[in-house]
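What follows is a set of notes on a single structure, which appears directly below.
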Amino acid sequence: MEGKLFIFSAPSGSGKTTVVQHLLNTDPRIGFSISACTREMRESKEANGKDYYFLSVDEFERRIQNNEFVEWEEVYPGRYYGTLRSEVQRIWDMGKHVIFDVDVKGGLSLKEQFGDKALSVFVKVPSIEELQKRLIDRNTESEDSLKARLEKMKYESSFQDQFDVILVNDRLEETFVKAHQLIDHFLENNSK
């Protein structure tokens, strides 16, 4: 089966990962695309092949040369993230549609690759003030980090109109319902 793809992208703190996890836990038709990266694994919190495929820089670059990635990006020097073609195929081989939780750049790249087979969704917070509150409530950001994330959010938000749908995450339960409706509608109208 060559299924459909659901691309969820957003600035940090938008609730994108929470929405994607909810969809994965409640919709058996979809499977999660695990990204590959070159950063160090957080030993106590992450597992290779579950959270990410952790690759060395040399291995990642070799796979780039072999055209094994659907999309990839060097986010910092020597720090790569990407989506392996084999990962998309793995999910399709299970008879499922693929869901992605990726940054804005990756989301646009995936949409460009897959075109009408993919629905790209930009998850948006109602306001910058709300995003700032969410990031502060996480209690994981220094003041400089918070400032940098807010600047990045403004930049990433400038691309929101390039996505098929903008999903405003104001009330989480309502956002879950809307996300399910988006998937159902896309599958019903793109069943070819």
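Quick reminder: no glycine exception, Cβ is built from N, Cα and C everywhere.
Lifted from Swiss-Prot, the feature list:
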- 3-184: domain 'Guanylate kinase-like' (DOMAIN)
- ALA10, PRO11, SER12, GLY13, SER14, GLY15, LYS16, THR17: ATP binding site (BINDING)
Task: Three-class DSSP secondary structure - THR17 (ATP binding site) - done: helix
Open item on the list: Using the Cβ center of ALA10, PRO11, SER12, GLY13, SER14, GLY15, LYS16, THR17 as the ATP site position, which other residues in that chain lie within 8 Å, going by their Cβ?
Closed with: VAL123, VAL125, ASN169
- [ ] Select the most exposed residue of SER12, SER14, THR17, where exposure means the fewest other Cβ atoms within 10 Å, treating these as the binding-site residues.
- [x] THR17
TODO: Compute the average pLDDT of the predicted model within the domain 'Guanylate kinase-like' (3-184).
DONE: 92
Task: Where PRO11 (ATP binding site) falls in three-state DSSP terms - done: coil
Open item on the list: Cβ neighbours within 10 Å, counted over all protein chains: which one of the binding-site residues ALA10, PRO11, GLY13, GLY15 has the most?
Closed with: ALA10
Task: Local Cβ density at LYS16 (ATP binding site) - other Cβ atoms counted within 10 Å - done: 23
